[in-house]
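Everything on this sheet refers to the single structure shown next.
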Amino acid sequence: MERSEAYCFSAALSGAFLVSCLLFSALNRQQRAPYMDEAFHVPQAQAYCEGRFKQWDPMITTLPGLYLVSVGVVKPAAWLFGWSGSIVCSTGMLRFINLLFGVGNVYLLYLLFCRIHQKKAASGFQRILSTLALAIFPVLYFFTFLYYTDTGSTFFTLFAYLMCLYGNHKTSALLGFCGFMFRQTNIIWTVFCGGSVIANKLSEAWRAELLKNKEQKSLPPKGWFSELIRVFRFLVEYAASFKNLTALLLLTWPYISMAVVFFAFIVLNGGIVVGDRTSHEACLHFPQIFYFFSFTLFFSFPHLMTPSKIISFLRSVKRHLLQYSILTIVSLFLVWKFTYVHKYLLADNRHYPFYIWRKLYQRHELVKYVLVPVYIFAGWSFTDMLKSKSIFWNMVYFVCLLASTVPQKLLEFRYFILPYIMYRLHIPMPSLLKLLLELAFYLLINAVTFHFFLNKTFQWPNNEELQRFMW
């Protein structure tokens with residue numbers, strides 16, 4: 001890291017932390033009591049603070065990683081600074097744990113951008129702007145100020161991926177286990193780490209294969225289907241080699257061990273959810289991938305909604321009209337047969353998805369079908385941005401993307417945080433103008449969100465508690 005870049009990043013990190021502290025103070029003054037899911041998380045952490053580790057709230061569906069880390073930070077701090085009484089594990093103190101995780105996320109994001117987009121691919125200023133934009137990504141940034149699992153879950157997942165990129169696979173798997181203790185579905189991103197290692201090896205072998213064919217002047221058949229057949233044949237031949245499989249096993253055994261631990265947990269627990277399972281049932285909710293593409297199109301519009309992108313998409317449709325027609329029919333069928341509406345989505349008017357569903361999808365029965373062309377454009381733009389990555393990396397990423405979104409019955413934007421961050425980390429580094437536009441857009445959304453949360457309160461009938469809008 002050059003000295004000037006280091007100074008700029010330090011200034012950006014310090015400024016971001018200062019602004020976050022001011023927001024944290026404002027939020028805690030307005031909302032002192034636990035809010036929403038905090039009503040479960042805060043008492044559970046307080047029970048752990050008091051040494052009651054056998055106490056467990058059956059409404060909590062995640063493992064106790066957040067509470068264990070909180071006790072591990074708060075208790076030594078209380079001893080060091082002489083704190084006592086209600087301050088030790090108060091709601092504000094527990095929320096501050098996530099603010100620390102948020103600072104850690106800024107640093108990890110910067111290191112990841114430096115690792116993925118090195119000097120030839122991006123300037124230091126571009127990496128710093130990208131880091132700031134992703135650090136204040138509205139859905140993740142908002143939950144930095146509440147005692148939820150998202151910020152810590154993201155921290156350990158990003159840390160695990162960084163270690164994976166540096167080849168420290170045992171450390172990566174261990175950090176992946178920490179992420180799993182925050183949220184069980186993070187096992188998907190541990191698998192992604194192992195899969196990315198395999199993808200790198202396959203890419204090396206694939207380049208060697210292409211070079212060999214070039215030297216032999218063997219021209220490959222044209223067309224995407226022929227290319228797919230070649231890749232499939234290559235994978236079969238690669239997997240048929242005991243030497244190749246042994247090499248991959250020696251590289252990825254820490255991740256395989258984590259997968260074994262996960263399946264053992266599934267068997268012993270009788271499912272992936274801890275505690276209340278009635279509201280968290282897995283299903284094949286295929287439109288979730290369409291919602292994610294739309295979510296990405298909205299938050300990445302400076303990168304995905306450019307005139308050149310739209311023109312390229314229209315040309316692609318014109319060239320491959322039959323394929324797009326088939327894709328449209330399949331998408332319509334998936335929307336028709338696999339759309340699920342969770343009871344929470346219809347009942348809780350504190351969340352943004354409630355209003356999106358009511359104002360858009362419930363306007364007319366046909367709306368969900370009319371939006372299919374938008375989904376297809378969003379999906380095309382999304383995949384087009386990742387075309388610089390190898391076909392094997394894309395295979396691994398899209399399998400993990402499907403695994404993290406499709407089984408979820410509830411439309412919840414928090415479930416999109418990690419797949420979005422992984423996507424945003426790996427797209428080609430945007431221009432300074434696009435980065436500034438993205439940063440300004442996120443700042444605007446955050447300003448509106450915090451304004452609504454702090455100042456636009458409302459009450460439910462027969463309930464005196466103030467309700468607040470949130471993601």
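Using N, Cα and C of the backbone, Cβ positions are placed for all residues, glycine too.
Given the structure is predicted, the values throughout are model-derived calculations rather than measurements.
Quick look at what TrEMBL annotates:
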- 6-27: transmembrane segment (TRANSMEM)
- 60-81: transmembrane segment (TRANSMEM)
- 93-116: transmembrane segment (TRANSMEM)
- 128-148: transmembrane segment (TRANSMEM)
- 253-275: transmembrane segment (TRANSMEM)
- 282-301: transmembrane segment (TRANSMEM)
- 321-345: transmembrane segment (TRANSMEM)
- 366-385: transmembrane segment (TRANSMEM)
- 391-411: transmembrane segment (TRANSMEM)
- 432-454: transmembrane segment (TRANSMEM)
Stretch contact, the transmembrane segment (60-81) with the transmembrane segment (253-275), Cβ-Cβ under 8 Å, 3+ pairs: yes
Listed stretch, out of 128-148, 321-345, 432-454, that has the most CB pairs under 8 angstroms to the transmembrane segment (366-385): 321-345
Stretch with greatest number of CB pairs under 8 Å, the transmembrane segment (282-301) reference, 6-27, 128-148, 253-275, 321-345, 432-454 candidates: 321-345
Recorded stretches the transmembrane segment (6-27) and the transmembrane segment (432-454) touching, at least 3 CB pairs under 8 Å: yes
Positions whose Cβ lies under 8 angstroms from the transmembrane segment (391-411), at least six residues beyond its ends: 185, 188-189, 191-192, 195-196, 198-200, 202-203, 206, 231, 279-286, 288-289, 291-292, 340, 342, 344-345, 353, 357, 383, 418-419, 422-423, 426
Interface check, the transmembrane segment (432-454) with the transmembrane segment (93-116), three or more C-beta pairs under 8 A: no
Long-range Cβ neighbours of the transmembrane segment (93-116) (under 8 Å; 6 or more residues past either end): 1, 9, 13, 16-17, 20-21, 24, 28, 41-42, 45-46, 66, 69-70, 73-74, 87, 122, 127-128, 130-132, 134-135, 140-141, 143-148, 151-152, 154-155, 158-159, 161-162, 165-166, 421, 425-426
Tertiary contacts of the transmembrane segment (321-345), as residues 6+ beyond its ends and Cβ separation under 8 Å: 279, 283-287, 290, 353-354, 357, 368-369, 372-373, 375-376, 409-411
